[in-house]
Amino acid sequence: SVVGQPAAPEPRSSVSEPEAETPESDSYAMWTGEQICLLHQHKLPLSPSLLTTCFRLSVPSVLQIKSWSELSALVKTYFCFTIVSLLVLLSLTVSSIYKQHKDTDVSDEDNFTVSLIQLVGILFCIYYISRGVLQENRQELVAFVLSVLVVMIRSVVNFSVVGSKGKQEVLARFVCIMCLGVIHVLCTTVLIQRPNMMAFRVGGALESMQEQYFLLNLCFSMVTFDLQAQLCLCILITTSASAMSAANSIILGVGVFWAFATAVVGAVAVLKEAKVLVWVFMVQNLPEVAFFIYLLYSVIEKWFHDQTYTLEAATVTGALISLLIKGVLLWSLIRLVQSFGQGLRERSEL
């Protein structure tokens, strides 16, 4: 080159260097998980965070929970307080049911029915708050708040209509439910408003994956809500019919078994993303919907012959709520089926 002149640029090769590919977030995250677990299988040293990632990738996305150490001190305190308070209410409710069943003078039929429904509600509340806190699942937290409000409303109605002897028996339970219910509603509302990082952790940065994770949780939650509604409805039917026919008793017994079987099929269909099981689940819901319609017709027809309407109104309300739950469940399942096989389940499998 001539002195004083800039050097000519070197000729570029005809074969261009391959540009660094930016892997898609789905495949990259899944391949990273496989590499981590392969390293762990070869007994190579891994940090605790990588081991935690390897464990989470082997768990279905809808079942992944936060470790206890990841919860803040306030959340840990509230969670323990909630579980203990629900167990106390559970023991009081069981004691009240035992006394009501043993001594017929203490309570009437409506009080016994409400106590049984409260027992079912408290058991499901323990499930809702556990999933809601450990999974940052807002749907379960909302369900917990609604369940607590329903238990409080039923307790107020039950306490207002029960006799003087019955009030003495349910007074302790009534006070505990009202005081603890207000605390749970306020604290859980604060938890619902907190930022949710579980969807980002499981689904990654893609909005499609986060939406699929939301639909998975919605379907899984609605299956649980549907089971709770059907159990409460069976309690109402059983206790409202003083002289139940043999045919209705058989239908009711089969219905309880059918409700549990349907819930199991629905949960497995959501977890495994199995389209065949989804269709089986939808077919299983058809007899339940037909029974709800028959129940509404028979109970409404009975209204014109009886002079008490408390349990009948509760039965109609429960049937309508069950139909609403099934409508939301079927809608969310149809949307979820369209996203099966698009990567969310593959992220949790090796």
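Placed from the backbone N, Cα and C atoms, the Cβ positions cover glycine too.
Sequence annotations record features per position, and here TrEMBL assigns region 'Disordered' to 1-24.
Look at TrEMBL and you will find 64-193 (among others) tagged as domain 'DUF7789'.
Annotation comment: TrEMBL describes 73-92 (among others) as transmembrane segment.
What TrEMBL lists as transmembrane segment is 112-129 (among others).
According to TrEMBL, the transmembrane segment annotation covers 141-164 (among others).
Residues annotated as transmembrane segment in TrEMBL: 170-192 (among others).
When pLDDT values are averaged over the domain 'DUF7789' (204-334), the model yields 77. Per TrEMBL, the feature domain 'DUF7789' maps to 204-334 (among others).
Taken from TrEMBL, the feature transmembrane segment covers 213-238 (among others).
The transmembrane segment annotation in TrEMBL covers 250-271 (among others). Long-range neighbours of the transmembrane segment (250-271) within the same chain, counting only residues 6 or more positions beyond its ends whose Cβ lies under 8 Å from a Cβ of the stretch, are 60, 62-63, 216, 219-220, 223-224, 226-227, 230-231, 234, 237-238, 244, 277-278, 280-281, 284-285, 287-288, 291, 329, 336.
Taken from TrEMBL, the feature transmembrane segment covers 276-297 (among others).
The feature transmembrane segment is assigned by TrEMBL to 317-337 (among others).
Within its own chain, the transmembrane segment (317-337) is flanked in space by residues 212, 215-216, 218-219, 222-223, 225-226, 229-230, 232-233, 236, 266, 270, 275, 278, 281-282, 285, 288-289, 292, 295-296, 299, which lie at least six positions past its ends and keep a Cβ under 8 Å from the stretch. The DSSP breakdown of the domain 'DUF7789' (64-193), given as helix, strand and coil counts, is 112 helix, 0 strand, 18 coil.
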